[in-house]
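**Q** Structure provided below as structure tokens; questions to follow.
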């Protein structure tokens, strides 16, 4: 009997006491959760930890009193499986269900609401019976914008609550699949943030940072979080390909957070990261380089414990980081971000040649010719031998003239159309003033009348 049928059958009335029956599915085999399948589901797949599940349910006390039903609200109930959002019995039972399945679940108090109950409808130490129908389940969306680009399904839960942070050393075993074809199978030990150098998609690294030690998960990646519009020749992955990875996070060692490092460590790590960023940049891995330079900024931006000698090094590192960030943003065509990075650099050194020039390039890229020209002119004022600035200034002026010419032509065409429309309107008005044949026959009388009127007015 389905949940809908049960609702019709009971017709709002209190049922007879419900019997305790079913297969014991409690982890301890203590008969705390008993399950009876009323209708088999389809397929072989069941929901995994972290999946969002959608169900209809009705709940009764053992005396047959109904205390709750999603059917009465005509709205499916959803929750994240295995996250403690519902009573223990539900997390246990729904994990065993297939889509379309209907089952009865009997839950002892320790797997339901315990000695506290849930006043006013559920008394203390109550054994409950539920009928649950599973409609669908889907993996956990790990993307910030919830665009479905990184979906995780947890096969095996990990230990504890700690997760790898940026820069953590992780040990993983992974398998990559494209259309069920195994294209990558490796055991790796690497630093989070350097996955691209190992031909790992950025989305996979993001997923690893959400895993716990010992966790085994399936990760589904949309193209923008995988190998994008380029694909990966090494693995024979075409452009715009969706991928699936099986990942086992064996172990990890978290990187020190900024607040855990002293000033000497921050300087030392900043120099190491700067060199790493330079290597990535030269290899054309601009996103990876970007991550390295951002680390330096986060470590040094608001640090106040440096000595006078250290502050000179800090100033130089911060300036270089903002300039390098600007260059990465330019390469990635993120022009607003490039301008922001240049502004940060120019706050540290208002006459910096690279800061002014790169900001001018960003302004030019978005057709903000006045601001671009001002930046290039200042570069030439301070550094007259800068040939690149002279070239870009000429380009800026040329494009300004082209834009003015286009605007002039646009306005000329606009005025020409307006003039034509005005002339057409006048012509139509004039044509409408001509008398008809009928009016012409009565013209003498009209003229006489007009003359009389003129005399009267005179």
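Glycine is no exception: its Cβ is also placed from the backbone N, Cα and C atoms.
According to Swiss-Prot, the feature N-acetylmethionine maps to 1, an assignment based on similarity to another entry. As annotated by Swiss-Prot, N-acetylthreonine applies to 2, with the evidence given as similarity to another entry. The annotation phosphothreonine is assigned in Swiss-Prot to 143, 436. Residues or ranges marked as phosphotyrosine by Swiss-Prot on the basis of similarity to another entry: 220. According to Swiss-Prot, the feature region 'Interaction with tubulin' maps to 267-400. Annotated N6-acetyllysine per Swiss-Prot: 282, in sequence order. Per Swiss-Prot, the feature repeat 'TPR 2' maps to 319-352. Residues or ranges marked as omega-N-methylarginine by Swiss-Prot on the basis of similarity to another entry: 373. Look at Swiss-Prot and you will find 423-458 tagged as region 'Disordered'.
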**Q** Same chain only, please: residues at least 6 beyond the ends of the repeat 'TPR 2' (319-352) with a C-beta under 8 Å from a C-beta of the stretch. Say none if there are none.
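**A** Tertiary neighbours of the repeat 'TPR 2' (319-352) are 274, 277-278, 281, 286-287, 289-290, 293-294, 296-297, 300, 358-359, 361-363, 365-366, 382.
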**Q** Any idea what the model's mean pLDDT is for the region 'Interaction with tubulin' (267-400)?
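**A** The answer is 94, the mean pLDDT of the model over that range.
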**Q** Of the modified residues listed here (220, 282, 373), which is spatially closest to residue 143 (phosphothreonine) when Cα positions are compared?
**A** 220
**Q** Under the DSSP assignment, what numbers of helix, strand and coil residues are found in the repeat 'TPR 2' (319-352)?
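**A** Going by DSSP assignments, the repeat 'TPR 2' (319-352) contains 27 helix, 0 strand, 7 coil.
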**Q** Would you kindly give the Cα-Cα distance separating the residue listed as 'omega-N-methylarginine' and residue 220 (phosphotyrosine), rounded to the nearest Å?
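**A** Rounded to the nearest whole number, the Cα-Cα distance is 47 Å.
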**Q** What does DSSP say about residue 143 (phosphothreonine): helix, strand or coil?
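**A** Coil, per DSSP.
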**Q** If you measure the residue listed as 'omega-N-methylarginine' to residue 282 (N6-acetyllysine) at Cα, how many Å is it?
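**A** Cα to Cα, the residue listed as 'omega-N-methylarginine' and residue 282 (N6-acetyllysine) are separated by 29 Å.
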**Q** State which of the following modified residues has the fewest other Cβ atoms within 10 Å around its Cβ: 282, 373.
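**A** It is 282 that, of the modified residues 282, 373, has the fewest other Cβ atoms within 10 Å.
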**Q** Counting across all protein chains present, how many other Cβ atoms fall within 10 Å of the Cβ of residue 220 (phosphotyrosine)?
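**A** I get 20 for this one.
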